[in-house]
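Undergrad: This is the structure, below, for whatever I ask next.
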Amino acid sequence: MALVTLQRSPTPSAASSSASNSELEAGSDEERKLNLSLSESFFMVKGAALFLQQGNSPQGQRSLQHPHKHAGDLPQHLQVMINLLRCEDRIKLAVRLESVWTDRVRYMVVVYTSGRQDTEENILLGVDFSSKESKSCTIGMVLRLWSDTKIHLDGDGGFSVSTAGRMHIFKPVSVQAMWSALQVLHKACEVARRHNYFPGGVALIWATYYESCISSEQSCINEWNAMQDLESTRPDSPALFVDKPTEGERTERLIKAKLRSIMMSQDLENVTSKEIRNELEKQMNCNLKEFKEFIDNEMLLILGQMDKPSLIFDHLYLGSEWNASNLEELQGSGVDYILNVTREIDNFFPGLFAYHNIRVYDEETTDLLAHWNEAYHFINKAKRNHSKCLVHCKMGVSRSASTVIAYAMKEFGWPLEKAYNYVKQKRSITRPNAGFMRQLSEYEGILDASKQRHNKLWRQQPTDDTIAEPSEFLPETLDGALDAQLPCLDDTTHPGLPRSLAPGGPALPCCFRRLSDPLLLPHHDETGGLVHLEDLEKDALLEEEESQPVEVHKLVQHPQEGARLCEKDVKRKLEFGNSKPRSDSLPQVEELEKDGSPRTGRWRRASTQLDRSLLDQENLNNNNSKRSCPDDLERDAMFGILSKVKPPYTSCADCMYPTAGGTPEAYMERHEDPSSSAICTQPTFLPHVTSSPMAHASSRSRAPERPASGPANTSPFLLPAGSRKPDVSGSGAGAAPEPPASLLEPSRETSKALPKSLQLKNPHCDKNAANMEVSAKEEPSPKKDPKPAKDLRLLFSNEAEKPTTNSYLMQHQESIIQLQKAGLVRKHTKELERLKSLPSDSPAACRDSATCRLEASIPEEGSQEPAHPALCSQAGSEEQPVGGTLQKSPTSTLPRLDHTSNFSKDFLKTVCYTPTSSSISSNLTRSSSSDSIHSVRGKPGLVKQRAQEIETRLRLAGLTVSSPLKRSHSLAKLGSLNFSTEDLSSEADTSTIADSQDAKCGLSSSFLPEPQSAPRDPAATSKSSGKSAPEHLKSPSRVNKS
């Protein structure tokens, strides 16, 4: 296969042509001169040359002195034949034919010109060369193609052309040459029929010039005129198979199957149809003379299928060299990009199309895999430009087909088998050689490894075989993926709940899987591998059912679900909340937790039906209760979860430190933008909204004034990491246990003004408040009370002046969220409540009923009683049941408060300083501000704090400095966790409980109309905050019990 460009030159026939056609217009001289300078490019196969409709494109010109090495002597013969023509005539096709004389070379040439009415007129010329090295040729036959021209296959490797009573038989030297001749002749006959060319008319008069030029030897002329009596020079079928019987239909079916296999394995440029038939007879072991016509027709059918490019995708064609040379077809199909996967085939139209060459041969040892990446980008370039790309090799069977299969595997994430079957279905002759199949298998492993690195680390494992496009994981498209992630949404009894978890389904154990496990396999039971949750939850179920107040049973239709609301949360959080394995004892917890982190807070626009399903699933998977697991397991889970690395999403600094002059409505609009790309995976606490627990309390004090809030007054939540999905839309009665009104009211009030990431201070509040949103929407909506929003604006302006004081409280409250994942939130919350109940500088704020209910806004694993006994009487007297659904018991938490006194502030300091995935800790090493480096109010800067965190974590995990340092460097590649030189050398820090006490007092004062509290002495605060128990770090048993 070659592309050869020849230059037209003046010929002796030009003068005679001009004299014999003096009736032509005067402008024909200019046209003739233009034709003399035109280059003519030909698409060449062995035995045939097809003119390319390229005109005088300068990019396509080539020098004849350097013919293509695969073109043979055809370019020289073609140049001689061009010089034989008139200047206005063109060669459309030249096909080499067999001859009875071994030293002679014969060509059937299709010559065309533009007629009087700019119509195409075609004739056939028989051209003879005395030898292969001859520099001259003669014309031995001229055949006009009239409108009655008919073409038939002779069944012996040739075809006959009959017109106006004359018939000639032509036998091309190869199947490919015959196929090219048949296509060109078919189009020429169509033109003759359309314009009704008939003998005696004005058409084809110019053929008389060539008839006058017939000058071949008489033996050659006789050969052209006696073609109907010419026997093929090929040997007949072997006599061995002459007497074998045949069975019609059965034989035809075998012929179809074997003929396709033979043609796909043969070089059609170097074999004839007779040779293919002989090979077919050998394989079928029978004589096929009576099936010659059937074989030729099937051969043409197969050639037609191989000739037509196959549309694999909307932007991708797979074809052969013939398709790459068919300009009309390329332009008609909208192809602008051509990927040439051959070494022996040229680019035919370099001035018209964008080409990319992969110069390889079709051999098993060829390294095609190295080129698939560049081929992928080239094809996608055509896709991005809304165009189409043709990928071709010689036949469109092996090299180009392998490239298209590799493209499908990478573009759509398909396995090799699926991609191969898909391309095979679109183009049935697809058959990569054995070497390319091995490379495709290797390429599949490379792509799988790449998915493990880049996709599966931060993505939930898909539950089906659908292709996961990158856009499916954006916030805008996650709603559309809801049906795929929740297979049983249309289950009316338990919507959104997998069958294995539904009450009627099989009771499969819920396990955690390793990062290397491709599927969730319940039957795996290796040591340290799978952690079954059933035993961890039985005690929690019993304990929660016993401790639940009687009044709550009045509210919840199904008493058992009140405990399940909290019970299943551990499973959900451990399954979807964490990021990295901390130790070998619990690798699955962090691996499954990291899958959920990127998706936190992205389910804002789900429909009512889907959210009702999600709500039921959430209620069946909530578990904040205590876990009866071994002490070492709980400790490892605690410190493994707290040390997880956050995926590198957009920083939450904008959420944490916006401008102080912004209004609550401005923050509301900014956080509710569904197209926003900044997704906070952790709850962020603005400096001027750190008093949101007080805002909760103030709204709770107004609960009797406003019994319920309609859906218009609520807004979606952005849940913290550890929460799975927010439940915003309403659900039917009884779909989920309705939470107590003490949590319902604050969520209603604050959701209107606060950003979604600031409304709730721990995951348990998130769950309950989200459920209360649902129940709130079922109630009628009274007139909105504008007073809470006004107070909140006051809070915004007051607290904007104390970012330093409240930053430590932010860290403390974020640690609550992380501790709750490990099942330690009860003790930590009690300690915080006990600290907040100590005397403060603002008694007026404490006397306010809102302050008295501050602790109640931090609930305790499903129990709705007040947290501190000193505030119970006032809370119980002022807070009336809403709709008769809630009554508080002021004494139910006294035993639990005594239990939490074992925890010292040093231990809480250790936990509080344990690194979390908040935006503060993740940005420490990248911060160069004075707040991060220098001390603030006698306390070390954030960099020193982080050094303290890292050293504390290493000591409690029983590790040396070098071992986690190496591990952290590997984690840094994925989670942007960078170590500085100060990370490993830090002095002991003071207790952070004093910080939280300072922040608490600042909160109380900020609730007043004017900021009245002056900065307090940190030393004095430390004294008032109570004891310091360094022995807590020395006592691992007490840590284990926590």
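The backbone N, Cα and C atoms fix where each Cβ goes, and this holds for glycine too.
Per Swiss-Prot, the features are:
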ACT_SITE  CYS393  active site, phosphocysteine intermediate
COMPBIAS  1-12  compositional bias 'Polar residues'
COMPBIAS  13-22  compositional bias 'Low complexity'
COMPBIAS  675-693  compositional bias 'Polar residues'
COMPBIAS  697-712  compositional bias 'Low complexity'
COMPBIAS  886-900  compositional bias 'Polar residues'
COMPBIAS  917-935  compositional bias 'Low complexity'
COMPBIAS  985-995  compositional bias 'Polar residues'
DOMAIN    249-304  domain 'DEK-C'
DOMAIN    308-449  domain 'Tyrosine-protein phosphatase'
MOD_RES   SER37  phosphoserine
MOD_RES   SER57  phosphoserine
MOD_RES   SER516  phosphoserine
MOD_RES   SER889  phosphoserine
MOD_RES   SER970  phosphoserine
REGION    1-29  region 'Disordered'
REGION    576-609  region 'Disordered'
REGION    668-766  region 'Disordered'
REGION    858-900  region 'Disordered'
REGION    915-942  region 'Disordered'
REGION    985-1042  region 'Disordered'
Undergrad: Mean pLDDT for the domain 'DEK-C' (249-304), rounded to an integer?
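TA: Result for the domain 'DEK-C' (249-304): average pLDDT 83.
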Undergrad: Please classify the secondary structure at the residue listed as 'active site, phosphocysteine intermediate' using three-state DSSP.
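TA: The residue in question, the residue listed as 'active site, phosphocysteine intermediate', is coil (DSSP, three-state).
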Undergrad: Determine how many residues of the domain 'Tyrosine-protein phosphatase' (308-449) DSSP places in helix, in strand and in coil.
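TA: Helix, strand, coil within the domain 'Tyrosine-protein phosphatase' (308-449): 69 helix, 23 strand, 50 coil.
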Undergrad: Measure the Cβ-based neighbour count of CYS393 (active site, phosphocysteine intermediate), defined as the other Cβ atoms within 10 Å of its Cβ.
TA: 28
Undergrad: For a three-state summary based on DSSP, what are the helix, strand and coil counts in the domain 'DEK-C' (249-304)?
TA: 45 helix, 0 strand, 11 coil
